[in-house]
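Scroll down for the structure; my scribbles are underneath it.
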């Protein structure tokens, strides 16, 4: 499935139906009074969060959405039916912005959540509404009110518990495919991953969602490369898994480049809990591993884990560390006891 995380769409709610001019006509009643009904309200435009979606690709092919006009009023004081609504189905984590792509309208984070983006126009009054003591047979009715029209932006921020970050070829895609059922493209060249991938990790009876974010390079926050566009997807993550390839000559510099990009991007990304791990250690000798681990520890000031997605050495330790942090975060969010036995 192709991935699209941003789309501009044009929406319009339905016009209200017109009121009716009608008079009661029955046998033996020569002068029936007015009985024109009101017009129905126009249809609304809604955004609805549905399960099973993780892209906005449908909005690449259709950008214009218009709800139905309300039904016209009829005789016998019959109100026109309401116009049909239009529902924009979106994935969990979709944010909706005004046309300026800056002003937030709503943030949709739960399946079943919905938001009315445009309200249908009210129906017009039928002639029955205009009856007065001095005008018992009005021949006047109102047209319905026009619906609302606006352009909006849909922007998807994937909701994952953990986000994989690192330079291109840090082994993120290999890691994801090794620990989940996700099948991202894996190859020996930079920028293999061109859009985020999600996978579910299961370990020790626990599970969490892991996102593979396209590799960052120096200057990404200024638009260099492709990773800066997707940093928004890790804003909701509870923990960042920062991978540094053991094949990097200067692992400390590789770590610092990504940290700088996270800090420059802002939105508190650099404040998130981080697990630092040296990947692809199957390519190193025991002595080389220790040297690079020590070099990383000096700049990170925290423990540095090591693993190989190929040999699976150290892999479960990394997953358990991530699952532990995520579980603590979930308990804190629920206001429960954050201790884990």
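Each Cβ is built from the backbone N, Cα and C atoms, and glycine gets one as well.
Per Swiss-Prot, GTP binding site is recorded for 166-173, 191-195, 212-215, 279-282, 308-310. Look at Swiss-Prot and you will find 173, 193 tagged as Mg(2+) binding site, backed by sequence analysis. Look at Swiss-Prot and you will find 1-159 tagged as domain 'Obg', backed by sequence analysis. Taken from Swiss-Prot, the feature domain 'OBG-type G' applies to 160-327, supported by sequence analysis.
Known features from Swiss-Prot, placed on the structure.
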{"residue": "166", "record": "GTP binding site", "CB count, 10 Å": "28"}
{"residue": "169", "record": "GTP binding site", "CB count, 10 Å": "21"}
{"residue": "172", "record": "GTP binding site", "CB count, 10 Å": "31"}
{"residue": "173", "record": "Mg(2+) binding site", "CB count, 10 Å": "23"}
{"residue": "214", "record": "GTP binding site", "CB count, 10 Å": "26"}
{"residue": "280", "record": "GTP binding site", "CB count, 10 Å": "23"}
{"residue": "308", "record": "GTP binding site", "CB count, 10 Å": "21"}
Taken over the domain 'Obg' (1-159), the model's mean pLDDT: 93
C-alpha spacing of residue 173 (Mg(2+) binding site) relative to residue 214 (GTP binding site), in angstrom: 9
Rounded to the nearest Å - Cα separation of residue 173 (Mg(2+) binding site) and residue 280 (GTP binding site): 12
For residue 173 (Mg(2+) binding site): DSSP state (helix, strand, coil): helix
